[in-house]
Structures are given as structure tokens and as C-alpha cells.
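Notes for the one structure printed next.
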Amino acid sequence: MDVAKIQAESRAVSDQVFRELIPVVEDIAVLMADCLKAGGKVMACGNGGSSADAQHFAGELVNRFLMNRRPYAGLALNTDASVMTSISNDFSYEEIYSKQVEGLGRSGDILVGFSTSGNSGNVLKAFEAAKELGIKTVGFLGGSGGKIFPLSDYALLISCSSHTPRIQEGHELMMHLICERVEELMES
Ligand SMILES: O=C(CO)[C@@H](O)[C@H](O)[C@H](O)[C@H](O)COP(=O)(O)O
Ligand SMILES: [Zn+2]
């Protein structure tokens, strides 16, 4: 393990977030606060570590980030094993999120997808379903942004790295920044 190389890449990711992506973080926080105030909800999805990011985000929204306040409508789409195994078994793994977006999503909601490659098929299909339903899409992406980039109304793209763990760390940083700003906008 080359710690110096990892440190340099970690710094580059953090620098990209603070130099380039804060205006997008702000736009997304405003979008989410407006959605939540209007009675909409924020759905999130991803695979592997990025599914953990989706759950992490929903937990911050429903319970608390820094403030004790009313719960916000946040939902991770990767937490219901019965729904996911049923869709995977009867149809395909690619449809585990799109079918939930079709069933649970309403116009005015927001769909967040975490994908470091930007190419996970189930996140891509969920974004396609969201577009059909008038649901805004927010992509936490990496590298070139992949196939999900053009379907993202808002893209938080860690383009300086193509390494999944470093990109995920950048995603978590931005997810926390969004949570802090959403709470400020909702509670002020
Ligand atoms: O957490 C990690 C690596 O840090 C892995 O579990 C990783 O999330 C998985 O390989 C995912 O399937 C990768 O999907 P994606 O980021 O390309 O959409
Ligand atoms: Zn990981």
C-alpha cells in the first residue's frame, strides 16, 4: 500500500469538492429543501459501499444531522430485502430501483444515485424511470460520469479520480455538506 499516493489522491478529491463543487452542493440543498417543504421526498440508491451511502443519507434526513428537529422524508431504496429479492428473482437485478421509483415516486420528488463509475445498470434504470415521472435526479458520480451523467439533472462528479474508495469518500463529504445546508434552509 502506497500511503503517500493515497494521501495525494485523497487531497485532490477534497480540493475538487471545495474548489469546484460547492455551488452544485448549494443548488442541490436548495432543491431538496424546496422539495421537502412542498411535501415531497428524497429517495436514494446505490450498490455496495454506495448503497451504504444511500442509507447513511436517508438516516440523516429522517432522524437528524446536527440539529434536533422534525423528521424529513428521506428513503433508501436498498433496505427492503423482500422487495429487492422479489424483483431480482422474477425480473432482473437491473430493475430493483426503477420498479420502486415507479411504485413510490411522485412528481416533485428527488432521486439520488451514488455510482462511482456512473455505469451501474440499476441506478441508470432508476434515473430513466425518474425522468418519465417528473422526478429530479441527482448523481453522485466519479471519473467520466459514465452513462448516468447525462441523465443527472444535478451531477456531483469527482472527475479527478477513477478509484472507487476515493470517489466514495468525496461523495460522503458532499452528502454531509448537503445535509448541513438542508437543515439550515429548513429550520431558518
Ligand atoms: O464499497 C466498495 C468499494 O469501496 C464496493 O462495494 C463498490 O461499492 C461496489 O463494487 C459497487 O458495485 C460499485 O458500483 P459503482 O460505484 O460503479 O456504481
Ligand atoms: Zn467501500
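Cβ atoms here come from the backbone N, Cα and C positions, even for glycine.
Those TrEMBL annotations? Automatic predictions, nothing curated.
Counting only residues at least six positions away in the same chain, the Cβ atoms of GLY46, ASN47, SER50, VAL123, GLY139, PHE140, LEU141, GLY142, GLY146, ILE148 sit under 8 Å from the Cβ of SER115 (substrate binding site). If you look up TrEMBL, you'll see ASN47, GLY48, GLY49, GLU60, ASN89, ASP90, SER115, THR116, SER117, SER120, GLN168 marked as substrate binding site.
A C-beta separation below 8 Å, combined with a sequence spacing of at least six in one chain, links GLU60 (Zn(2+) binding site) to GLY74, MET175, HIS176, CYS179. Under the heading Zn(2+) binding site, TrEMBL lists HIS56, GLU60, GLN168, HIS176.
If you look up TrEMBL, you'll see 32-188 marked as domain 'SIS'.
When the binding-site residues HIS56, GLU60, SER115 are checked against ligand 1, SER115 have a Cβ within less than 6 Å of one of its atoms.
In this view, SER117 (substrate binding site) is surrounded by 19 other Cβ atoms within 10 Å of its Cβ, with every protein chain counted. Closeness to ligand 2 is met by GLY49, these being the binding-site residues among ASN47, GLY49, HIS56, SER115, HIS176 whose Cβ falls under 6 Å from the molecule. Just so you know, of the binding-site residues ASN47, ASN89, GLN168, the Cβ with the fewest other Cβ atoms around it within 10 Å is the one at ASN89.
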